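Copied from Swiss-Prot, the annotated features are:
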{"type": "BINDING", "residues": "111, 113, 142, 230", "note": "L-proline binding site"}
{"type": "BINDING", "residues": "142, 153, 225, 228, 262, 264", "note": "ATP binding site"}
{"type": "REGION", "residues": "340-369", "note": "region 'Interaction with tRNA'"}
{"type": "BINDING", "residues": "427, 432, 458, 461", "note": "Zn(2+) binding site"}
């Protein structure tokens, strides 16, 4: 059935399904430069909705938007040894401009800790200048070798938050506060269940003291890191000499954080909820929540379209995102298929017989149709959209629970990571972690904050667990 509609079934080739649905649902296309994509209006509308939600939450927590340069002197990156080592393989570097070789090469922004640190060293003098709570919406460039639309692209859009604090305690509180905002976005807006946790030393952000993350499980059993929040300690403060005088007139280094979420979150939405018929979009982030498809012959055209327009206005008045598909060149069947492919949560079918009965047919993207009084639709749909969100979340959570296993032997571990999350003890040794990755392609995703304390022995080498609880392992994007 899926193939008739032009999509490879997920069970046959999930990766191919993903690439096809992005193009056929008109989310994005490939750019002329390898590893770049063109985000089409429908895909960009999802990103705009994500932006609006996050921007509101950032401002509610006292953050302000700012913008820093795209070009960063290479000497800035070299100031923090771990940072430059972590990003060097992915850097795009400008060596010539205006027809001449530059005195100093410029990195095209891979992330902005260094340039913001430089500016803070100019702006921060006293405890009165703290905290600094900044966010930047922009693009970054990381020259990825293996690219995939939304998940890994050479250039991508994201937000990166950067904050500076007087104490470690304040900075660590900020790290968790921002991670919880990402978790809220995932659960309450994208209907994606996520695990909040701590990255291992091997997997942390280059230059961080530690990294926290939200991890989601996709329908092919692979994990996706959907957002990260880092405690940078005094690392960048020392590199860029960001000092302040505290209330006791002592000169100290600030404690900084950074946190980011990119358009790979769109990839998470696609792979958590999509099916063989196409996208299934969570209503709170969907560009179109309800599509109205009028069904008519020539003699009833005017009457049906007039009623459809009236319904559209009534739904817009409820604050819903509505589209009326009044294209004459396509059949209703073609339109049904197209809007299913594009993942619109609800479709209203309205024909002359429906009008006579003062009713309309409401079809859900999750399956099923019902006939409702036309006048009742504007009142009924907001509640139905909420129920749609809850059902999406329930299904995703059930999938995750069905594909999560506690394992205590390496054989069981190897089996578990073929289909989802493996919860296992680990010794904390980077070399052991690397061997697990080489032997199984699975990586540590996080040490979950919510997991019960539990003692045990490393699933691979048998040494005592370093974390006092099980670690989440999975193959990952």
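Heads up, the Cβ atoms here are built off N, Cα and C, so glycines get one too.
Within 8 Å of the centroid defined by the CB atoms of 427, 432, 458, 461, the record's Zn(2+) site, lie the Cβ atoms of 426, 428, 429, 459, 460, 462, 463, excluding the listed residues themselves. The binding-site residues in question are 427, 432, 458, 461, and the one with the fewest Cβ neighbours inside 10 Å is 461. Taking the Cβ of residue 264 (ATP binding site) as reference, residues of its chain lying under 8 Å away and at least six apart in sequence are, in sequence order, 150, 151, 152, 156, 224, 226, 477. Spatial neighbours are here defined as Cα atoms within 10 angstroms of one another, and by that definition the neighbours of residue 153 (ATP binding site) among the binding-site residues 142, 432, 461 are 142.
Residue counts for the region 'Interaction with tRNA' (340-369) under DSSP, split into helix (H, G, I), strand (E, B) and coil, are 7 helix, 12 strand, 11 coil.
DSSP assigns residue 228 (ATP binding site) to a strand in the three-state reduction.
Ranking the binding-site residues 142, 230 by the number of CB atoms within 10 A of their own CB puts 230 at the top. Within 10 Å of the C-beta of residue 111 (L-proline binding site) there are 22 other C-beta atoms, taking all protein chains into account. Under 8 Å, Cβ to Cβ, and six or more positions away along its own chain, residue 113 (L-proline binding site) finds 80, 83, 162, 207, 232, 236, 256, 258.
Taking a C-beta cut-off of under 8 Å and a sequence gap of six or more, residue 225 (ATP binding site) has these contacts in its own chain: 213, 214, 215, 445, 476, 477. For the L-proline site listed in the record, the two most distant Cα atoms among 111, 113, 142, 230 lie 19 Å apart. Here the region 'Interaction with tRNA' (340-369) returns a mean pLDDT of 98 for the predicted model.
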